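Right, one structure below, let's go through it.
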Amino acid sequence: MLRGRKLLKLLIMTATMTVVLFLIPDCPRNNRLPQASGPTMGTSWHLTLAEGNTETASKMVQSRLDTLEALFTNWRENSAVSRFNASRSTDWQAVPRELAEVMIFAQRLSKETHGAFDVTASPLIELWGFGVKKSTHAIPADDAIAAARARVGWQKVEVQLDPPMLRKAQADVEINVSGLVEGYAVDDLVKRLHDTGHPNFLLDVGGELYASGMKPDGSPWQVGVQQPDADKGVVTGAVPLQDKALSTSGTYQQFFEIDGKRYPHVLDARTGRPVTHSLVSVSVISNSCFEADSWTTTLLILGLKEGKETAARLGIDALFIEQAGAHPR
């Protein structure tokens with residue numbers, strides 16, 4: 001059964017990262033401003049404007065998110081991702097430009113992490129019961145994991161942008177971009193909101209945040225801080241953000257337990273198994289929500305030691321939180 005959260009402790013941060021544990025956009029200081037929200041990608045979106053009416057902006061946001069969901073989701077048989085997965089052709093296949101852009105960055109993540117993050121890990125996600133198919137969360141047999149891993153490998157998909165196309169090197173390769181697309185959607189919407197005359201706002205898509213400009217009084221946006229083991233909605237502090245994105249990923253968010261051992265939904269494609277390290281949360285602040293979202297997922301897969309080294313090497317502002325009681329560092 002899926003279980004709750006455990007006590008955490010702060011381990012390390014890099015560069016100018018603000019010390020936070022878990023972030024939600026429902027800070028009381030922002031609640032008096034015009035707001036809108038709606039469903040998307042199995043979660044929800046929230047928009048707070050510093051000025052103006054949210055009606056037009058809300059319609060634009062919902063419409064664009066509906067379009068992106070129809071491209072990226074593995075849950076719809078007619079999405080661009082599902083059509084590519086269902087095809088057994090090894091020829092170049094035309095895809096929406098948005099999917100090609102996501103895949104280009106996904107390939108970069110895979111290369112930087114030597115395959116720990118792998119957008120072709122869909123067979124493993126399904127095997128462990130965290131995908132589209134229903135599961136009782138049983139531990140797969142070793143031969144089943146080996147068979148799934150034989151279909152995984154980021155080098156097995158080629159991508160080009162002009163024109164946008166993908167090509168499989170192996171006919172049964174499948175992709176899953178769910179760990180990247182919420183941040184991509186935020187960046188896409190930030191540009192559209194700017195282009196339609198909204199310079200000051202706070203946008204949240206599935207917990208991926210971007211704070212644009214300032215509030216009406218000229219102060220930065222305040223983002224509520226929640227500790228992972230606290231009840232949802234209990235705000236213990238606030239962090240100021242201005243023209244920055246913030247993303248948090250955690251192993252505590254979804255997992256199952258068998259015989260007292262926890263199996264999180266975060267999979268390492270190099271092993272074909274859920275991660276076993278004590279790192280439970282990574283937060284990243286960046287100019288791009290797409291990059292922040294992508295790197296929180298990736299650094300969480302890598303674990304504390306490898307994640308710290310990668311963040312330092314690439315200049316990523318990242319906060320790592322480990323489960324209390326883990327070995328000292």
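Quick reminder: no glycine exception, Cβ is built from N, Cα and C everywhere.
Here TrEMBL flags 7-24 as transmembrane segment. Annotation source TrEMBL lists Mg(2+) binding site at G179, D293, T297.
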Around the recorded Mg(2+) site, report the further residues of that chain (criterion: Cβ within 8 Å of the mean position of the Cβ atoms of G179, D293, T297; site residues excluded), sequence-ordered. L180, E182, G183, S247, S249, S294, W295, T296, T298
Taking G179, D293, T297 as the binding-site residues to compare, which has the smallest set of other Cβ atoms within 10 Å? T297
According to DSSP, folded down to helix, strand and coil, what is G179 (Mg(2+) binding site)? coil
